[in-house]
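Now, the feature entries from TrEMBL:
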type	residues	note
ACT_SITE	201	active site, schiff-base intermediate with substrate
ACT_SITE	254	active site, schiff-base intermediate with substrate
BINDING	124, 126, 134	Zn(2+) binding site
BINDING	211, 223	5-aminolevulinate 1 binding site
BINDING	281, 320	5-aminolevulinate 2 binding site
């Protein structure tokens, strides 16, 4: 050791568990985790999703019993995804904001039973259209942007009116953040509801289990014309800057683990905004599969994955591991 330069000795700074914890710029807390919930239109549903380990589609009558122990453990926020299985879908996603539909009913039930639980609502049309795309289509099957944006904004405002604390549009239509913000302001919710934008949402292979869960696979084609190409770092940066300028309150990157560089870019470009990332269904399923194969221990890998997101700059993590982290961080 005598031959080492003073500046070469680093291990003295992390030789103890407590001093190791100080090496992180930000520590994981329970409030950093938002739990995605799939709400279906069968009010008594509690259906396991085979491709998404341990996750279920929930009916509104089952929500309170499921959420109560999680809230007691420190669950502070959820994001709702509607999974309509018995409604009549149409070309404009008409059932998305049905007052008797699963999302608006779930908002009301959660507010009544858990008034301090923060409720975000994913806003998209794909679960509710008969073609499975995220917007309204032209006759040739391409997206018709202007009416799509108008419809997305309409749904967002109706979720706000139902009591949602946060609107999270995931459709990736150009200009929808500005339209939603204008709609919220005009309806009197501009100062009352958070707008969290899926700003950099990539056309990823990791959405498969989610599409099984939500029944949202497109009937034809794909979403590569509106979700970002995986190689498109510059487009992602431009989308982040655009959504900041259009009034987004929170910026999101999705998926998370393959796009840590984009999370870091977002932390730089939107340094004054909270930064969310979505550890998507395929990421979650892969971590479970690796653990089941004996490649690593599940808890250790779950921690390593989310800690990498925090290291990159994330302040909010949407993940199906949220219930486990409520236990692990106790």
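The backbone N, Cα and C atoms fix where each Cβ goes, and this holds for glycine too.
All annotation found in TrEMBL is predicted automatically rather than curated by experts.
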Of 124, 126, 134, 281, 320, i.e. the binding-site residues, those within 10 Å of residue 254 (active site, schiff-base intermediate with substrate) when Cα atoms are compared: none
Winner by Cβ contact number (other Cβ atoms within 10 Å) across the binding-site residues 124, 126: 124
Spatially closest candidate among 201, 281, 320, the listed recorded positions, to residue 134 (Zn(2+) binding site) (Cα to Cα): 201
Nearest-integer angstrom distance between the alpha carbons (Cα) of residue 124 (Zn(2+) binding site) and residue 281 (5-aminolevulinate 2 binding site): 17
For residue 281 (5-aminolevulinate 2 binding site), the number of other Cβ atoms found within 10 Å of its own Cβ: 25
Euclidean distance between Cα atoms of residue 201 (active site, schiff-base intermediate with substrate) and residue 126 (Zn(2+) binding site), Å: 15
Same-chain residues at least 6 apart in sequence whose Cβ lies under 8 Å from residue 320 (5-aminolevulinate 2 binding site): 35, 36, 52, 54, 55, 279, 281, 284
Under 8 Å by Cβ from residue 201 (active site, schiff-base intermediate with substrate), counting only residues of that chain that are 6 or more apart: 170, 172, 227, 228, 252, 253, 254
Count of other CB atoms lying within 10 Å of the CB belonging to residue 134 (Zn(2+) binding site): 27
